[in-house]
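Below is one structure, written out as structure tokens, with a few remarks after it.
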Amino acid sequence: MNKQLILASQSPRRKSLLSQLGYQFETIAADIDETQYGNENAECYVERLAKEKAQYVFDLLANQDNSLVIGSDTCVVCEERIFGKPKDLADSIEMLSSLSGKSHQVLTAIALVGKNSITCDVVTTKVFFKTLTEDEIKQYWQTAEPQDKAGSYAIQGIAGQFVKSIQGSYSAVVGLPLFECAQMLSKAGLSSILPMSTE
Ligand SMILES: Cc1cn([C@H]2C[C@H](O)[C@@H](COP(=O)(O)OP(=O)(O)OP(=O)(O)O)O2)c(=O)[nH]c1=O
């Protein structure tokens, strides 16, 4: 019997990306504390949060034997600094000024939790930004787009024009790496409407 798939997320972008893979799934938002530990590097941080989101939702389920939960987390890393979502305009100015005119990394972790199983993968993408003026950053803030996005920008939105190029996975920057996600779900034995082979 095929397992039931649940996406542990309140993000409409993750829902839309997962839909592209052709799986039937439900979404349930995870409510976890996203505070970073003092000694935690970016990779460990996103991996832990992706696992905690998936585990949080898995623990709510009645039918755990027959369920798999996928959780994900994204952060932006620039010169050793880790950026999550901006708290306010000042935070957004701080983040986007740091990203202006150089490259940074976007880290997205995906975790799949089932009964007695956890698998996880962290995908890193390099993003090259044009130089931004403070006026541009302030105007961008007024659009509301950056407010719920790691690093205070959305590559899939207005901020697409800030991005000169990327090396890596576009879908991972938006919030869910499609290639890695498809491989993980396929290896876990889930079938989508599109049969996948694993590499
Ligand atoms: C860099 C970047 C991030 N983002 C988004 C992806 C994530 O949704 C968000 C980072 O916050 P997350 O805490 O990873 O996710 P979330 O709170 O939106 O959703 P949930 O925890 O319920 O799954 O930033 C974009 O949409 N575009 C971008 O270009």
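Placed from the backbone N, Cα and C atoms, the Cβ positions cover glycine too.
As recorded in TrEMBL, the features of this protein are as follows:
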type	residues	note
ACT_SITE	Asp73	active site, proton acceptor
SITE	Arg13	site 'Important for substrate specificity'
SITE	Thr74	site 'Important for substrate specificity'
SITE	Gln156	site 'Important for substrate specificity'
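Here the features listed in TrEMBL are placed on the structure.
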| residue | record | Cβ neighbours (10 Å) |
| --- | --- | --- |
| Arg13 | site 'Important for substrate specificity' | 18 |
| Asp73 | active site, proton acceptor | 27 |
| Thr74 | site 'Important for substrate specificity' | 27 |
| Gln156 | site 'Important for substrate specificity' | 17 |
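The two recorded residues, Asp73 (active site, proton acceptor) and Arg13 (site 'Important for substrate specificity'), show a Cα separation of 12 Å. Under DSSP, Asp73 (active site, proton acceptor) is assigned to a strand (E or B) in the three-state scheme. Under the three-state DSSP scheme, Arg13 (site 'Important for substrate specificity') falls in the helix class.
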